[in-house]
Structures are given as structure tokens and as C-alpha cells.
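J.: The structure under discussion is supplied below as C-alpha cells; questions concerning it will follow.
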6 protein chains.
Amino acid sequence: MFFHRQELQFSSTPDKPDAVFARKLQEVLGGQYGEITVAMQYGFQSWNAHIPGKYRDLLFGIGAEEFGHVEMLATMIAQLLEDAPLGVTGDAVQDDPAVAAIVGGTDVQHAIVAGAGARPVDSNGNPWSAAYVTASGNLLADFHANANAEMQGRVQVARLYHMTEDKGVRDMLGFLLARDTMHQNQWLRAIEQLKEDGLEQLPVPSNFPQKKEHTDVSYQYLNFSDGAAAADGPWAQGPTPDGNGTFSYHDGPTTSAPMPEPTRPDARLFGTTDAPNPVEKGAARVQDVLHKE
Amino acid sequence: MFFHRQELQFSSTPDKPDAVFARKLQEVLGGQYGEITVAMQYGFQSWNAHIPGKYRDLLFGIGAEEFGHVEMLATMIAQLLEDAPLGVTGDAVQDDPAVAAIVGGTDVQHAIVAGAGARPVDSNGNPWSAAYVTASGNLLADFHANANAEMQGRVQVARLYHMTEDKGVRDMLGFLLARDTMHQNQWLRAIEQLKEDGLEQLPVPSNFPQKKEHTDVSYQYLNFSDGAAAADGPWAQGPTPDGNGTFSYHDGPTTSAPMPEPTRPDARLFGTTDAPNPVEKGAARVQDVLHKE
Amino acid sequence: MFFHRQELQFSSTPDKPDAVFARKLQEVLGGQYGEITVAMQYGFQSWNAHIPGKYRDLLFGIGAEEFGHVEMLATMIAQLLEDAPLGVTGDAVQDDPAVAAIVGGTDVQHAIVAGAGARPVDSNGNPWSAAYVTASGNLLADFHANANAEMQGRVQVARLYHMTEDKGVRDMLGFLLARDTMHQNQWLRAIEQLKEDGLEQLPVPSNFPQKKEHTDVSYQYLNFSDGAAAADGPWAQGPTPDGNGTFSYHDGPTTSAPMPEPTRPDARLFGTTDAPNPVEKGAARVQDVLHKE
Amino acid sequence: MFFHRQELQFSSTPDKPDAVFARKLQEVLGGQYGEITVAMQYGFQSWNAHIPGKYRDLLFGIGAEEFGHVEMLATMIAQLLEDAPLGVTGDAVQDDPAVAAIVGGTDVQHAIVAGAGARPVDSNGNPWSAAYVTASGNLLADFHANANAEMQGRVQVARLYHMTEDKGVRDMLGFLLARDTMHQNQWLRAIEQLKEDGLEQLPVPSNFPQKKEHTDVSYQYLNFSDGAAAADGPWAQGPTPDGNGTFSYHDGPTTSAPMPEPTRPDARLFGTTDAPNPVEKGAARVQDVLHKE
Amino acid sequence: MFFHRQELQFSSTPDKPDAVFARKLQEVLGGQYGEITVAMQYGFQSWNAHIPGKYRDLLFGIGAEEFGHVEMLATMIAQLLEDAPLGVTGDAVQDDPAVAAIVGGTDVQHAIVAGAGARPVDSNGNPWSAAYVTASGNLLADFHANANAEMQGRVQVARLYHMTEDKGVRDMLGFLLARDTMHQNQWLRAIEQLKEDGLEQLPVPSNFPQKKEHTDVSYQYLNFSDGAAAADGPWAQGPTPDGNGTFSYHDGPTTSAPMPEPTRPDARLFGTTDAPNPVEKGAARVQDVLHKE
Amino acid sequence: MFFHRQELQFSSTPDKPDAVFARKLQEVLGGQYGEITVAMQYGFQSWNAHIPGKYRDLLFGIGAEEFGHVEMLATMIAQLLEDAPLGVTGDAVQDDPAVAAIVGGTDVQHAIVAGAGARPVDSNGNPWSAAYVTASGNLLADFHANANAEMQGRVQVARLYHMTEDKGVRDMLGFLLARDTMHQNQWLRAIEQLKEDGLEQLPVPSNFPQKKEHTDVSYQYLNFSDGAAAADGPWAQGPTPDGNGTFSYHDGPTTSAPMPEPTRPDARLFGTTDAPNPVEKGAARVQDVLHKE
């Protein structure tokens, strides 16, 4: 269950309206790596968790915080939009070029659809999609997804920080940056702990018996491009991070198989084929079905 | 530039048709973590790279391999579908319950739309979307995205491995599992190398001056749920992975701000407000605009 | 801010696994009118609200409950999937036709992607989309959206109730039905209260001066089909609900305008036109641009 | 069957080109609550109707009108675009700031994709999606959806009215506003008529036996937020609109259940668990399957 | 304007219910090449047309027919669903394997969301998307899109024809096949007429001065694969269809350019670079912005 | 298998940065008819091909070239963005109106998400979707789809050519225009060859026995609009392109069927009906199920 308190985790008030920045801020609210994504992602990971205790509690604990960040950003965006101009008039643009920038740079749905309110979309107006969410039930994989999400999120907030000079906005962004710092560290630490606790190892999933894979190509760097520096990295030589092998380097593939013959499915699917009778394998039946019935 | 050779990297021929499994295999071709995703992701990361040399070459080198995996899976799926039944007839189902399973479990667009061919969709028929792709220009963040993608991919292939008994299919899945093992290891090693080369550190992005963030909350675990085990993890105490701080544990938020007043935007946006005159701040103008013009 | 408690609002445990019903239950979790929709919808309406007090508090109060319903359904789905079979084998289907139904009727991503966990999708596997959310800032409009959402939701839960005989599942659905009953009533009562409080009237938005619309057609039923019963309803005669007019009935339109001439845009957009010179209006310029430069 | 007449229901010609406003107008053509949505929504409701007569005729009659509104808006948009500039040149912007506004504020696909034509998208370029359509077969629910759609639509048109000073455009918007007024009134009147005819009552669906729901919570306002004004509304006390109960007010939930244990699905789904042997319930089988085969 | 008549263009009544086929039929109603697509496509092409007369009239004339086909299919689907079973019970499946097929093969949203009604989706439940529509303003290009749409549509209907034995359904499909035959022929004839009328020629768009393109590669077949038969086709030798050139054959590219250096954008975008100072080009500014402010 | 070479097919370097044009160029990279579409479309057509030899080789051969065009455009876009400004400041706009245009006209995700890199989206920021791809297995249909794609693509590139004055950009566009010329010609020639080889004829699919369709309406132009010029075209008289018939002209439909009765599905789907007892056909059962259980 979730309970709501009519407070914010941090002050979220801009110095002055800025409809253009409001649009940009939508990215970290409703974009691929916005707050809705991490809130829903940690939620589904906790509901799909297969172990009680500290890992599930961690997911519950951070997930609820992220829903609060959604609210913080929505509140900020509504304030940035509070005095947004309605639209363009020739005179206004002639008088003040800044109006032209505003006209062009805003999310017009902020005004037309939401009446100067935040929307669950990214900075280009794409609706947030649950296709952004990762929750596989394998915690080592999912915690890497989480670490990545917090990194992408912090990169985006850092970029936004330099796209505004509003002290109120920067103050809030500084808070979000700190929380992203924390959450990056948390997921990276949790990754190590999973391995220390013996719950998962590399390669993920570690309880799939590796002998069933084609181990001859498990540690080969197969370079399908022609870059000269390709062989210089530690991914082309030396021990592998999973501790099970040694990297080797190869120009292109080490295995190959002939391209299979094209398929010739049932003639009643009306694909194009070069056989005199279009369905070699079932000629009798096809004649019957197509031409006699 | 890309060049195509009419061979496959590994044999991709099933023992016998299986339209139900063909549908499932679509997940690792056209799903969120399917081969199209990694091929396009490594492609965009290479084209957006800001440094020449081993990292960009690595992206080019693996990216091209993944396009070949797309082809391998598409070829396999077409073969699994080659003799798929067209549809249901009462008699056939009465005679053989397995037909009922096939009727229900296939992707009907395989027949209706593709004529027994592979499609660029996932196992539920959702078209592949470029919203799955991550390419931020920050390599430390992106390589975590890549490691996650290879982990999710290997988890899914491992699950599929146990959903079929077809030796030809399992053989190919065993090959893909091995390549996922390799790529997991590669990205994890590349993550370490980025740090060793001094190109990026934690927290990402490391060249954003951390003093600008609210460092008081940078290492606090704020538990917004009520789990008893929440404080037990190493993410609630001890040194942080970025080496810059020490974790501390707190029940709930350590900061708070009052919820801002609701916004009262321009009356011509026709939102609902409780003010006697709907636009306190611009009353004169609203009267003029709305009632006199 | 949101706080999470590791309890559910109502018992959510099935009597036995049922992967087919788990798929169906996804509709009211992640569908157009599922719990994610109402949770997010009430959230954005509260964050975009323009008046403090009882209406905004109502939105905050119900919104947080709905996030708990998301969790309740996700938890139930994970339990229904706990012992789902991995897939099909010829023998199993031959032995038990029910296996065939399960094979065909499940969401295969439940197994392949989520490892027997709930997903933020509808019963056909479409990812939840924020395009389902309505939050316009006009409360009379939005509360109608909310009443509709609760009605559609209760209709769907009532349908699902009759698609299972599992007592544990029906118990939970009976709880959700009751909450939908409450929320339907609440939004309908709030609609009346908005009018009683004088905040909004019909037609929405009521503070747009109606004299600016073409009032001659404001209360005409223009029947563009040929149904004989079309004129019988109270929407074709008698007073209108907004109290401002009287319905009248007309076969087809009462106004008409000639279709405008086709447009002939700039020739450099390379559309097809029948003019001897493709851009009559700017011939000189086009010649210059296209053929001389 | 539909028949087309080469006339418009109302004059749809702008005074002068305005590519920026053309983009905004896309919202009420191809947005969530644009004319395509209501045309298709009323269409599918009529085709799915379960009773002949006045209600189905009403749906047919208004639906066909809305397809004409799609055409009216598309025609207007093409005219607004007819003389749109192709793009930016440094000099033009230096000479006239209004050019800068136009450059930034247009839908660039209007030029690149449609060659100065209308598109089936919203004002941010999102393609219209059938996920916007509601047609449940329950008319009381669906008519609330329709009333809401006409309200949201009228709010948006009213907003657009104030974003242009073009008399031709405003004239057409004034016509659409009037039709929205009519359609709001019609659906609201039809809602009452359904109840008067005894076809549906509250709560929807009324023929689901209410005794099967958990009636103890059917009329409780459970406030999951901490707003002081929450209890003041008529939704927290007094009779309910469905006539079946009395509202009561409660801080938070009145029922509670412990969070179920995490699930532990088949080990071959490779989720993470803390059991010494990863699949407690089926250990023998897992050993066999995973390590011996 | 569109007018509706409560008749169908052709009888649309199945012999008996078939919920599994109802799902399949959704493809030609709401799929990529379903009737909604062609109805909307011809509509937008007519509204965006730049010439009055026979071509625009043709678009208007066929477009309205296609809206009637949408209705025909929706009506048929509702009838196929009229007696669809609600769901699975163990006993029913044990008694009759056909029930299992039905359980697995239906669109569950037909029941849960639409209450046994048609939906604006394809056979996998993907909502129809306006991204399927093509309307460029260039009629020669668009008529090729139309011819293709009618071909894809006829292929799909022909496939569906063999997936049912219901005479009523086959009768209606036979009608749609005939109309697809007509429309294929119409668009192909209209393509020739456009060229005969001198409105457009190949290559499209023909009024772009071909001398501006790199004519040295305008007629070269550059084979980027290694197929032996690649050079055998008439696309590798002989005159070109546009009459302006002669095909020639080449293994791989005939032109090449070095890969440009990676870009090094503003350091405040926090991408990864190998320069000692991350922004070589703007070092002073970056120092100022990042470290001194 | 695909192999990558670190060269481009053609020089792809702009004279100077232009973030506004970079956004526009996204259309032909990641739009409906961008290079990703044709690369993937030719790929899936080759993998689904049912005949070996020249046609499949043609698909392989062009498909690989198109992946190289994706790279060429992505590289160009990254360079156009290299020195894009971070955002707006009041002063900058006041000083230079061109800054306002840039602020408004860029894709803000280029900066926030990609850090000045290309993205797999169109010019409005819609992620590329595999729903754009056509691959039916019927080559005559698919080659029409391909010809259309190359025509739409060339139209768009021609439009973009006139939206920039940058010589480097125009040079690359001139190259792409030439390749589009070639590919249009190739697919059109291949269409003729398919017919010459006797593999497919009109109407597509030609091996569906035409006698099964309702041949009485196979060549009738049924005009559902009221355009005077409708009958003038060669599509209303004379021989048909498939050689099997003669066009005839008719005002409106030549066949008609009464609208079927509305359906009355199972009462447990809770649709609205006017029957005294809501389920006429199954009254006893409904009473039992709904009111007695």
C-alpha cells in the first residue's frame, strides 16, 4: 500500500516562469529514463521478487521515493508553465525576439491539452511507455538495468542543469543529482552483494549450466569491423571478468554455416516461388484446394 | 559501410517445424532485449562516439555481429514456420489435441501478414521500437546499458532453451548463449578499462562537479517503505563504490518542503479555480479578452 | 511524497495457479482502464490542480489508493504464475487437453521476459501507455473522465469475475468491484458539487463566452445517418441539460459550404499539380530555384 | 455504408497562412480527443451495439458527422500550410524575427512528409492511435466516455480560439464549439434516458449482483493522503448517487492483509532466490533438468 | 461531408460463431493494411491533393467506400463473437479439446474490453496507428503506396479465405477480394494516366532537376552482398524504366569516403572523450562554467 | 552475416553546424520512409524469401547498402550537432534572433538524451517502429512496397535539399537522391521481370483462383462521392491492367444488404440491451449464474 503526504522531499519552486525549460524537464519526468520509469521499474521488480528480505526491501524502499520524485517534477513543471504565453501574435514577436524562441520551443500540448500542467510524456511529447520497464526476476541482471537507469538519469539532469540559470530550478536539480549519486552507488553495491551472498554469479544467469553453451566461442572477441585498435583492449586478451576463461582475438567469425535454402510454405499463403508448381511438397493437395474446390 | 555474406555464423536449422516456438523465439529477435536492439544500440553508440580508437572499434565490431544474429534468428523462425498449419478445423482439433495448442499458441500474423515468415516484433506481436535503444554519448553509462542488455538477453535465451526439445534449435541457442557470455564479459571489462584509462569515474557523469549537487543527501539511504531488513544491506553503511562517501541509513526523508500552492494560469486555458474571478492575477485582461471582445 | 507499507489493502492470494487467467488479469492492471491508468490520472490531475482544498485532496486521496491496487494485482498475477508450465511438449498435450489451452492462452512474455512475474502491459501484451491519461486542468471535464474510467474498470472486473472459479481470485475481484462502486459514486457526486459550488457549469468549459460560438447550431441534432428512430430520443426535442436551449431535430446538416479549391504549395515540395507551370503563384521564383541554380 | 459529398459542413478557410497554428490545430484533428477519436469511437460503439433503435441510431447519426469534421480540419490545415516557408536561412531570420518563431514552431513533417498537407497526428506529431477509442458495449459507461470526449474537445478548441486572431479560423472554431456544446448535451441527456428506460443503473454495470462485491467498503471514502479538507466534500458523507448507500469517511484503509510471501517459480526461469537450493519445491526435478541432462 | 446509410455493401453474416476467426479477421480491419488504413489514407490524400478533378474525385470516391468496409468487417466480427465462450473451466476443456483451441486462440480483449465486439486493432491486438498512413502530396508516389496497400490487403484476405470453412464468411471475403482486384487495377491505371497526362514522370519526384543528383551512381547496381545470381537480373543491365539511363553492375561501392573523426561536443553534455581536457575547442569556457561558477 | 568497414559510401561532412537541420534530417534516417525502414524491409524480405537466386540476391544486395546509409546519416547528424548551443538565455536571444529559431527548432532530445548525437527517431522525435516494415512473402506486392518506399524517400530528400544551403549537406543529399533514383528503377524493373518470369501476375496474389471472388464487382468503379470528374478517368472505362476485364462506372454501390440485427452476447459481459430480460437467448442460465450463485 502507498500513502501520500502533502509535502515534497525538496523545495521545488522556480524563480520565474520558463515554458521552454518546462518542456525540457519533461524528459526526466516522462522519458525513457525519467522518474516514472524508475518508480515503475523498482515497483515491478519488488512485486516479482523471489526472495524476501533486504533485496526486496531495498526495491520497495527506493521505489516509493521515486514516485515522490515524479510528483516533485510535475509540480515544478506546472509552476514553470503558470504564466506561459498562449501563443504567437505578429506584433509580440516583432517587439521581442525572445517571444519567438518561446513560441517555437514549448510543448504546445502543455497549453492545449493540459492547460499549463505537466504531462506524462518526454521532452518531445512521446507518451511514457511501459516498454521502458525492466523486471526479469533475475536480480543481477535487473540491478545492472537499475544502475544504468540511474546513470542515464544523472547524465540527463546534469545536462539540464546547464540549460537553465534559474536558481530555484538548479536547486532542485542539485537535489536530484545527489539522489542519483546515491542510487548509482546503491545498485552497484547491491550487485557486489548478490555475488558475495552467492545468489548470482557471472555470466548471468549463472545457474544455467555453462557446459550447454558452445563454450568454444564463449570468450572469443570476433571483430566484424576493420578497426585497427580493436585488438588493443583488455576485452581481447587476458582473464575474463566471470573468472571462467581467457579472452582471445579474431578477425571476423570463427564459425560459419551455409545459408539454408529458402522455405517453401503452403501455397495457400500465396508467397512467390519459382517452382513450376508452386508447392512442390504438397502439389496434390494444393491443386485440390485451390483449383478444384 | 556494411557488407553481407550469404552465410550464417552458426547453423540455424530446426529438426522439425514448430510454429508455437517460432512465436516465442520472436522475443529474442524483436523484443526489448532482442538482437535488433543490441545491433541498433551498438550502432548508434559508435556513430555518436566522441573518441576514436579501441572503444569505438569495439562498438563497431560487436554491432555488425549482432546484425548477423538478427538474420540467424529470422532464418530459423522462417524454417520453424515452413509447415505451420493454416488454421483450425473442428475435426482436426477433435482428432489431435496438439492441434489446439498450436492454434492457440502461434502468432497469427506469421501466417496472415508474413506468409510463414519472421517479423520484426516480439513474442506478443509488439513491433520493435527504437525506444528500446540507449546511446547517450557517455560510455560508462552506455556500457552498463550494454552489459544489462546482454544479461537480459542471456536470461531470455536460457529460458527459451528449456521450452523446446528440438536439437537444432537448442544447438543454435547454445551458440547465442555463448556469445552472450562473451559480450557480458566484454562490456564489464570495458567498464573497468574506462575507469583505468581515467576517462570516466563514478558517479556518472564524473566531470559534473559533485559540489554542485546537494551532497548532504548523496549517500543517505532513505527508506520510504517499512521493511525490517532494509538497513541490513551494505548499501546502508560502509564506504560507497565511488570512493567519495559513506552510506548512512534513515527511515524516510531527511528533508522536506511544503507542497507549493496550486498554480493559477491564464483564464483562457479554462482550468477550474475557486477564485471569485477566475484569474486573480490578470483580472482586467481576462474581462477584456473573454467578455468584451 | 509517497510512503510504502508492506501490507496489501485486501487479501490477494489465489487458490491455485492459473497462467491463463493471469494473462487476462493484466487488463485491469496495465490496460487502457487498468489501475496504472487511474493511479497516474488522479496523480497528474492533482499536480495540475488550480485550487487547493477538498477537490485536490480528493484527487490525492484516491490516487494513492490506486497505486496500492496496482501492487495488489501485480502480486496476485505473480502468484497465479508461480507454477505455470514452461511450455509445450507433445506428450503432455496428448495426455491432457487442458495443457493445450494453457499453452495457447498464456502471455508468453510472462515466462520469457518476466520469469513468472507481472508486467506493466494489458491482456494482449501492449505496454501501458501514458496516452491513456487525461488531466486537462478543467475539473468538470476531468471528473467525467474519472467516472468513465471507474465504470469501464468495473465492467471489466465484472467480466473477469465470471471467467474464473477460483475463490481467492473472486474474493479480490469482489473487493475491487466495491472500490469501483465507491469511486464511481464519488466522481459523480463531485461533478454535482462542482456545479453547486459554482466552479463550473455546462457546457464545459463554462467560462468560454457562449456567444462566441455559432449558437444557431448549438442545440440542433443533425442526423447524418438514416435511422428511423433517430428523432425519438429526448436529445432531439425538449430542454437541454445545460439549461441554455432546446433540442431540435434535422435530417442532415443545416449549414453547408463549398469544398475549397485544392492548395498549391511551393513547387519545391514536389507535390503533383495540373498547372502547366507547377507553381502558378511563384513561377519566377521556382524557375530560378529549381532550374537555374 | 458511407457516402461522401464534396461540401463542408461549415466554411473552413483562413484569412492567411499560419504554419504554426496549423501544427496546433492538429491536436483537435488527430489528438487523444480529436475528431478522429470521436468519429471512430461512435462508429465502433454503433457496430458493437446490442440494441436496435434510438441509441444505435444516435451513434450512427453523430459518428458520420464527426468524419466530416475530420475533413473540415484537414482542409483548413492544408490551407494554413499553403504558403509556409520551406525552412530557415540566416538572412531571413536576421531580417524578421517572426520567421524565427515560424521555424521553431511548425510541425516539420508538414513540409518534409506531407508536402504542406494535414497529417493524422496530434500537435506534437504523435500518430493517432486506436488506443484512444472506447467501446465497451455498456452504453452507460460509454456515454460517459463520450460526454468526457466532447468536454475535453471543447476545452481544447476554446484554448485554440485564443491562440489565433485569424477571423476565418475563429469562425470555424466557433462552429466546432457549438457542435461540441450540442454533443455534450446529447450524451448527458442520453445518460439520463438510459436510466429512465431502465436499461442501466448505477453502479455500472448494474446487472452485476452487487451482493457479490465486498459491500462493506462500497461506500467508504478511504483517504490515502493527509489533506485536511478531504472530509469536507459530499463524497465523504450523505447519500450516494446510486441511491444504494451512504458515504462514510476514513483515514486510510479499513482493511488490510499481510504481503504474501515472494513467489518461487520454476528454476528454469533463472530468477534470483535465496534458497540454498534454488528450487525448494522441485529440487529433484531441477537437479535433473539443469545439471544432469 | 459523410453521410451514413444503415445498409451494408454486401451481406456480412457468418453461418456460426467463431471467436478464433474473429481475432484473425481483425487483421484486415485494423492492421497495417486493414480497411481503416486505406480509408484514412485515401481521405488524407484527397484532403491534401493539389489538383481538382478526376484524381481527387477518385480519391474521394474510393475513400468513402473503404469506410463502409470498416463497418462491414466490424459487423461481421461482432457476429462471430456473439456466442463466444467466456473463458476456461477445467471440465469443459477435458470434455472437448476444441474448447482449448478457442481459449488459446481468441483475442481476450474481445471479451474483457469490448464485451464481444469488434476493436480497432490488428490480429495481435496492436491498436491501429496512423503511422500506417501515407499521403505525401506527390500522387505518383502515393498511388504506388495505394497499389501496394491493395495488394497486401488482397494477399491477406486470400490467406484468411483458407483459414475458415464458414460459407457466410467466405462469401464476404469473396466480395472483398473482388473489390481489392478492382482497386489494384484502378491505382495501377491511375499511375499510367499520371504519366500520360504529363503530371509526373520517373524518377519521382520528376520535377526535381536530376542534374543536381550525383548522376554517376544513378543507374549503378552496387551489390553489397555476395550472391552469384546478383548480376543476372535486368536491373543490372539494359535500359532503365525511367528512360534516362542504362543499368550497370558493380561488386560493392564505386565511391568511398573516410569515416569522419568522432565529434567532440560541448563538455557540458558530459559525453566521454579521450582528450586530456575534455573540451579541446572550448577549454576556457568549460573551465569557467564547470569549475569556477 | 554482416561485415563493417570503417568508411562511408560517400562524403558526409557539413560545412558548418546546424542543429535545426539535424532535426529535419532525422526524418530520412528514422522516419516512416527513412533508411532504417528500407534496410530492415529488404532484410526481412530476403530472410522470408521463398526462392533462391536473383530476386533474393537483389534483396540481400540492396539491403546491406541501406544499413550503410543509416550510418552515413547518423554520422552527418552528429556533425551538424557538434557545436549546437545548449539552450536559451534571454540575452543571447535579444542579441541574435537566429538563436531563437535554433532554440525552437531543434530536437531537444539530441542534447538531453544523446549528448549531441543522432537518434533512431523521425523529425518529430517519434521512435522508429517496425510497424513501418512490409515483408509479406509475395514479391510482386512487396516490390510495389519497395518502389513506393524509394519514391517517398526521394521526395523527402528532395524537399530537404531545398531546406538547406550547406554545400556539404547538399552534396550528400545529391548522392542519396541518385541512389533513390537507382532503387526506384530497380524495383520497377524487378516488378516487370516477376511477370515476365511467370512468377506472379495481376491481380496479386495471382494464384488465388479469381473465380472464387465475386467477379461481378471485380471491375466496377463504384463512386461513393459526388465528384463530376469521377467518370472521366481511364479507371472507369476501357481494359483493366490485369488484362482480365473492362472497367465500368457506377454512382454508388451496385450491391446492398440490410444491416444485421445487433448482437446480444452473453449477459455476463454486461453490455446494454433493451430486452426485458437482458439475455433472451439464455435467460435460464443467466438467472442461475448471476442471481442464484
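Positions of Cβ are set from backbone N, Cα and C atoms, glycine also.
Caution: TrEMBL annotation is automatic and unverified by curators.
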J.: Select one of D:Glu150, D:Glu213: the residue that TrEMBL places in the Mn(2+) 1 site alongside D:Glu35, D:His69, D:His183.
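T.: Of the residues offered, the record points to D:Glu150.
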J.: Measuring Cα to Cα, tell me the gap between D:Glu35 (Mn(2+) 1 binding site) and D:Glu66 (Mn(2+) 2 binding site) in whole angstrom.
T.: 6
J.: What residues elsewhere in the chain lie close to the compositional bias 'Polar residues' (D:243-257), defined as a C-beta under 8 angstroms and at least 6 residues from its ends?
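T.: Distant Cβ neighbours of the compositional bias 'Polar residues' (D:243-257) are 202-203, 210, 216-224, 230-231, 234-237.
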J.: Tell me, by DSSP, whether D:Asn223 (Ca(2+) binding site) is helix, strand or coil?
T.: strand
J.: By CA-CA distance, flag whichever of D:Glu66, D:His69, D:Glu150, D:His183 among the binding-site residues is nearest to D:Asn223 (Ca(2+) binding site).
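T.: If we rank D:Glu66, D:His69, D:Glu150, D:His183 by Cα distance to D:Asn223 (Ca(2+) binding site), first place goes to D:Glu150.
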J.: Between the Cα atoms of D:Glu66 (Mn(2+) 2 binding site) and D:His183 (Mn(2+) 1 binding site), what distance do you get, rounded to the nearest Å?
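T.: Cα-Cα, rounded: 11 Å.
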J.: Given the binding-site residues D:His69, D:His183, and counting only Cβ atoms in the protein chains shown, which has the most within 10 Å of its Cβ?
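T.: In terms of Cβ crowding, the pick is D:His69.
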J.: When DSSP states are grouped into helix, strand and coil, how many residues of the compositional bias 'Polar residues' (D:243-257) land in each?
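T.: Per-class counts: 0 helix, 7 strand, 8 coil.
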J.: Could you check which of the binding-site residues D:Asp57, D:Ser225, D:Gly227 is the closest Cα neighbour of D:His183 (Mn(2+) 1 binding site)?
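T.: Closest recorded candidate to D:His183 (Mn(2+) 1 binding site) by Cα: D:Asp57.
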J.: Can you filter D:Glu66, D:His69, D:His183 (the binding-site residues) down to those whose Cβ is less than 8 Å from some Cβ in chain C?
T.: none
J.: Which of the binding-site residues D:Glu35, D:His69, D:Ser225, D:Gly227 have a Cβ lying under 8 Å from any Cβ of chain A?
T.: D:Ser225, D:Gly227
J.: Rank the binding-site residues D:Glu35, D:Glu150 by the number of other Cβ atoms within 10 Å of each Cβ, and give the residue at the low end.
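T.: Relative to the other binding-site residues in D:Glu35, D:Glu150, D:Glu35 has the fewest Cβ atoms within 10 Å.
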J.: Among the binding-site residues listed here (D:Asp57, D:Ser225, D:Gly227), which has the Cα closest to the Cα of D:Glu150 (Mn(2+) 1 binding site)?
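T.: Ranked by Cα distance from D:Glu150 (Mn(2+) 1 binding site), first place goes to D:Asp57.
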J.: For D:Ser225 (Ca(2+) binding site) and D:His69 (Mn(2+) 1 binding site), what Cα-Cα distance in Å is obtained after rounding to a whole number?
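T.: If we compare the Cα positions of D:Ser225 (Ca(2+) binding site) and D:His69 (Mn(2+) 1 binding site), the gap is 43 Å.
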J.: Give the distance between the Cα atoms of D:Gly227 (Ca(2+) binding site) and D:His69 (Mn(2+) 1 binding site), rounded to the nearest whole Å.
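T.: Counting only the Cα atoms, the answer is 43 Å.
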J.: For D:Asn223 (Ca(2+) binding site), list the number of other Cβ atoms lying within 10 Å of its Cβ atom.
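T.: Result for D:Asn223 (Ca(2+) binding site): 24 other Cβ atoms within 10 Å.
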J.: Compute the C-alpha separation of D:Asp57 (Ca(2+) binding site) from D:His69 (Mn(2+) 1 binding site), stating it in Å without decimals.
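T.: The separation of the Cα atoms works out to 19 Å.
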